[in-house]
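S.K.: Starting off with a structure, shown below.
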Amino acid sequence: MTTNNKQRQTWSSRLTYVMTVAGATVGFGATWRFPYLVGENGGGAYVLLFCIAMIVIGIPMILVENVIGRRLRVNSIDAFGDKILDKGKGISKYWKILGYMGLLGAFGIMAYYMVLGGWVISYIISLISGTLDISTPITKDIAKNFYDLHIGNSPYEIIFYTLLFVIVNYIILAKGIIGGIERSVKYLMPLLFIFLIGMVIRNVTLPGAMEGITFYLKPDFSKITPQLFIFVLGQVFFALSLGFGVLITLSSYLNKEENLIHTAVITGFTNTIIAVLAGFMIFPSLFTFGIEPNAGPTLVFQSLPIVFSHLWAGKFFAIIFFGLLLIAALTTSITIYEVIITALQEKLRMCRGKAIVLTLSGIFLLGNIPAILGDNLWKNVTIFGKSIFDFYDYASGNILFMLTALGCAIFVGFVLKDEAKKELSSTKYSTFIKIWFNYVKFVVPLIILVIFISNLF
């Protein structure tokens, strides 16, 4: 990174920024959530709709958040502040509510996201120690019993592994934006790609893999419905970390010479490519060994260990696979944490070290532990009929993210207006900018409203 005249650091290159954003958006969205949703929703039909949705709503919204973030180059709250407009024009202070909603959504997702990271560490350690023995083929019952014993019924074990994951995040974040986040993604993202490509090559060459590839790539058009498309549109927000300040915060470190249109398109396509590769990593092996692809959220943790137990060097590939999941989770978690840390630093004039400790410990105590206990010792505790874990997921993903994203689109279309166009004026795509602006102003809010209403019912 370099430092500009406002003493705010900037990414050292577009590649560094794109790698960081890719890390922020890949996470469990591409490696865990995308594959099981494909399995539940018609295979190729879901993949096709996801690619369309990335163009319809994903890339336009990436550009929205990039414009907001780079405009003032501040935290995700002050990005909606009264100094956003040129010539001293003021705006309502209530727009900052969007920033606070984004922070609340970030807290909600991290409350359960870090727990999933703890699950992955648990599996890696169990594979290495032999507690999860896949040296010989295992049955569905064995895989389920292991999951129930070590994930479902061992809250203190998961609390320990989640804390371990938090500590790894702390080590990276404590080194700052330059020495921590930027440097880590330079190594972690290439490593993730190497692991991912290696697993894809291994699995698409299995006997019978073509059946899985066909399921994955050949759309069943009878499965495509308006309801499914609305659902997929909503999943793109999760996949791209839209609506809770991540892209606003990361783009605030972009220099003014960077082409925001290029970075938005590259970000969207990078996320899509990684998600699609994750499917190639999983579905051929499922069909090779006759495992149903519609296992839902437990697909990775219950079905895939069965697959690995049938493979030559299955333990090695299982460790690589869960290592890949851990890297994806880590590159996302450090950037979501950074949204809150940056806000605390700039809003409360808090030193970075104190902001990191407050953020990580606060989420661990108020979010991670309740989410873990909510599926065990506190399983009778419900919030609006949902477990604590599921409530965090629902409230952040279905309500807060959607409302914040809706507000961002309206903010750019009706408040920033010409200022948003000026932020893109250094590019040569004047026609595209006009189309994008009107699309964001009139079409995107309607799409988000439809998704939001659909999520509620």
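Every residue, even glycine, has its Cβ placed from backbone N, Cα and C.
Feature list, courtesy of Swiss-Prot:
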- 18-38: transmembrane segment (TRANSMEM)
- 44-64: transmembrane segment (TRANSMEM)
- 101-121: transmembrane segment (TRANSMEM)
- 158-178: transmembrane segment (TRANSMEM)
- 188-208: transmembrane segment (TRANSMEM)
- 228-248: transmembrane segment (TRANSMEM)
- 273-293: transmembrane segment (TRANSMEM)
- 294-314: transmembrane segment (TRANSMEM)
- 316-336: transmembrane segment (TRANSMEM)
- 355-375: transmembrane segment (TRANSMEM)
- 396-416: transmembrane segment (TRANSMEM)
- 433-453: transmembrane segment (TRANSMEM)
S.K.: Using Cβ atoms only, state whether the transmembrane segment (433-453) and the transmembrane segment (158-178) have three or more pairs under 8 Å that are 6 or more apart in sequence.
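M.R.: Counting Cβ pairs under 8 Å (6 or more apart in sequence), the transmembrane segment (433-453) does not reach the transmembrane segment (158-178), since there are fewer than 3.
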S.K.: Mind pulling out the one from 18-38, 101-121, 158-178, 273-293, 294-314 with the most Cβ pairs under 8 angstroms to the transmembrane segment (188-208)?
M.R.: 273-293
S.K.: Can you tell me which of 18-38, 158-178, 228-248, 273-293, 396-416 gets the most C-beta pairs within less than 8 Å of the transmembrane segment (316-336)?
M.R.: 18-38
S.K.: To the transmembrane segment (228-248), which of 18-38, 101-121, 396-416 is linked by the most Cβ pairs under 8 Å?
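M.R.: The stretch with the most close Cβ contacts to the transmembrane segment (228-248) is 396-416.
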S.K.: May I ask you to check whether the transmembrane segment (273-293) and the transmembrane segment (18-38) make contact, with contact taken as at least three Cβ pairs under 8 Å and only pairs 6 or more apart in sequence counted?
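M.R.: In contact, yes.
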S.K.: Looking at the stretches 158-178, 294-314, 396-416, which one shares the most CB pairs under 8 Å with the transmembrane segment (18-38)?
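M.R.: Most contacts with the transmembrane segment (18-38): 294-314.
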S.K.: Restricting to the same chain and to residues at least six past its boundaries, which positions have a Cβ under 8 Å from a Cβ of the transmembrane segment (396-416)?
M.R.: 61, 64-65, 67-68, 71, 80, 84-85, 91, 95, 97-98, 101-102, 104-109, 111, 234, 237-238, 242-245, 423, 437, 440-442, 444-445, 448-449, 451-452, 455-456
S.K.: Using Cβ atoms and a strict cutoff of less than 8 Å, what residues sit near the transmembrane segment (101-121) while being 6 or more residues removed from its termini?
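M.R.: Same-chain residues near the transmembrane segment (101-121) but 6 or more away: 27-28, 32, 76-77, 151, 158-166, 169, 243-246, 248, 301, 322, 325-326, 329-330, 332-333, 336-337, 339-340, 343, 363-364, 366-368, 370-372, 389, 392-393, 395-397, 400-401, 403-404, 407.
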